[in-house]
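Trainee: Just lifted these from TrEMBL, have a look:
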type: DOMAIN; residues: 110-164; note: domain 'Translation elongation factor P/YeiP central'
type: DOMAIN; residues: 172-227; note: domain 'Elongation factor P C-terminal'
Amino acid sequence: MKKGAQLAKRLSPSLSTILNLNASTHSLLSSSPWWSASQHRGVKVNAIHLRPGNVIEKSGRVYQIVESEHKQRGRGGALMQVELRDVDNGNKVSLRFGPEEPVERVFVEEKSFTCLYTEKNTAFLIEPETFDQLQVPLDLFGKSAAYLKEEMKVTLELYDGRPLTASVPKRVTCTIKETQTPMKGVSATPRYKKALLDNGVTVQVPPYLDTGEEIIISTEDDSYLGRAN
């Protein structure tokens, strides 16, 4: 908690008088002003336009789409095979829709936060304008959770105030912690080599890079984008 408090002070000089980092503030802020986010229902879309991450309402239940696949049934025509996660209980179900079948889509709120720190399987975040705090499971970030660091700007998608998904910036700066030393005078050098980053992720980098260098990485596919300025 000392770590989070120190970072909070760096984020805002006045934060120490507004924010008290204790056990009660680490709970989900169901009483905070923005936490009662309103969602917009009644927008019909054809099932063929459904994409992973979309939120829909079906038979009185609200689901988030995990996977959507267009299938051809021969003479029976085409259909959409959709894997869904129940927002309320987390259960997964599989449903079929006709490609042109209308589905009621629910729109979610997108909100920016700053990462204070991570601890075990939890990320502790702060809303930069209101200083409200929120803790979310690292699972919401998927594999990109490895790139989380202090003061990083992240984005949450919220439904009725409940975080559904979380994402980090598409490009981040990392430091090479360990890699093979560049070989001079060798004509047939490999195009890429493995490098261990300071966050524990292993990526492929050009052979001329060395330990300690800062590089830019795509968090979408862990690919090398270039040297940091």
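Cβ atoms are placed via backbone N, Cα and C, with glycine included.
What TrEMBL says about a protein is an automatic prediction, not a curated fact.
Can you walk me through where each of these features ends up in the structure?
Mentor: Helix first, then strand, then coil: DSSP counts for the domain 'Translation elongation factor P/YeiP central' (110-164) stand at 10 helix, 30 strand, 15 coil.
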Trainee: DSSP says what for the domain 'Elongation factor P C-terminal' (172-227): how many helix, strand, coil residues?
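Mentor: So the counts come to 0 helix, 26 strand, 30 coil.
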